[in-house]
Amino acid sequence: MDRIIVEGGRRLTGTVEISGAKNAALPILASSLLTNGTCTYTNVPDLRDIQSIKELLTHLGAKIECQGTTVQVDASGVNNHEAPYELVRKMRASILVLCPLVARLGRARVSLPGGCAIGERPIDFHLKGLEAMGADIALEHGYVNASAPKLTGGSIYFDVPSVTGTENLLMAAALADGTTRIGNAACEPEVTALVDVLNQMGANITGAGTPEITIQGVPSLNPVSVSIIPDRIETGTFMVAAALTKGDITITNAEPSHLKGQLDKLAQTGARIEVNGKVIRVVGGDTIKSVDVKTLPYPGFPTDMQAQFMVLMSVASGLSIITETIFENRFIHVSELKRMGADITISGNTAMVAGAPKLSGAPVMASDLRASASLVLAGLVADGTTEISRVYHLDRGYENLEEKFERLGASIRRVTP
């Protein structure tokens, strides 16, 4: 099993290019199932989760060709309505094929998902939404069985905004008869990116980026050629790295309009931030100031940046309070950070972080995707050597992370048995 070894204490400087957003690419690739031709996507990151969705689409009958960051999906031959456990178990986002299959084939049999250790992440929202659009739903032997000769428009309301739920039901509603309204919809940029793609395909969707989305169903959708938006979480990870190491990093192929919650908080820590079009420069301050953070749905501070920001606060001056409101069990990384000398106390969904003079390198184990990134960041600022195991989590969501850090001056390497 691969490990990453980091020698800490180096100031990071230079330029890094941000990859395409995994969380935008996954639903957009799944939306290919709604067309009867070849879609072309550029700026697609080369990640384990992307490979998983490509394997699943191939199993369903799609033909996929890849060249660099370009992926072509020919969905004209899709005729298989079953997504089996051996494929779905690799990644929770595999549930994104459920609604496109029902919309296109009239039925779907999709294994209940796996792939992430963060809380329960229920799919109830997806199923209730499909039922509201006329689908028959049954849970049998670990599978979701959904069928509807033709989906019809319905009224859907989320008790809590669900990104994947919103995306799945958008794809169902795009080909449904009549009008569908989604209330308390997720507003994340990845949702808006999917809507942009669906509308380019010929869908009629309004309200993306707001809590109220209206979809007027159309008879069919056409193939498109589109580029995947930049990854705002990867961007945030490098911004934190600059502040953490008191470095000077220029980040290209970014989308600052997606980063307000992160940019505001980072500026409060004392980092100097310059934004010029799609380029962000972050210069770390002499002192890292402690700030409080509460994770919230977009445009609030993203839960996917909580672990990385906690590392920054672990070496800040003073006490910071980090409140996690999106997922339960998202402080799994704390025990590993404490092994490195971080002073963190957990109470329910709140972490109290007392800034320490320094962190110390130690053997640590990654528990999920963003926890993996936080441990790499901790290793960059720690005294001595940090050895991170179970880094396969990292490969699910970061493209060539250690190589990018190495080009910025970090002493970091991957060790393969």
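Cβ coordinates come from backbone N, Cα and C, glycine included.
Note that this is a predicted model, so its numbers are computed, not measured.
Between the candidates ILE280, ILE321, ILE322, ILE326, Swiss-Prot assigns the UDP-N-acetyl-alpha-D-glucosamine site shared with ARG92, ASP304 to ILE326. In the structure shown, the C-beta of LYS22 has more C-beta neighbours within 10 angstroms than that of any other entry among the binding-site residues LYS22, ARG92. Rounded to a whole number, the C-alpha distance linking ASP304 (UDP-N-acetyl-alpha-D-glucosamine binding site) with LYS22 (phosphoenolpyruvate binding site) is 12 angstrom. Close to ASN23 (phosphoenolpyruvate binding site) in the fold, though at least 6 residues off in sequence, lie VAL163, GLU188, GLU190, ASP231, ILE233, each with a CB less than 8 Å from its CB. Cβ environment of ILE326 (UDP-N-acetyl-alpha-D-glucosamine binding site): THR295, LEU296, PRO297, THR303 lie under 8 Å away, each six or more residues apart in the same chain.
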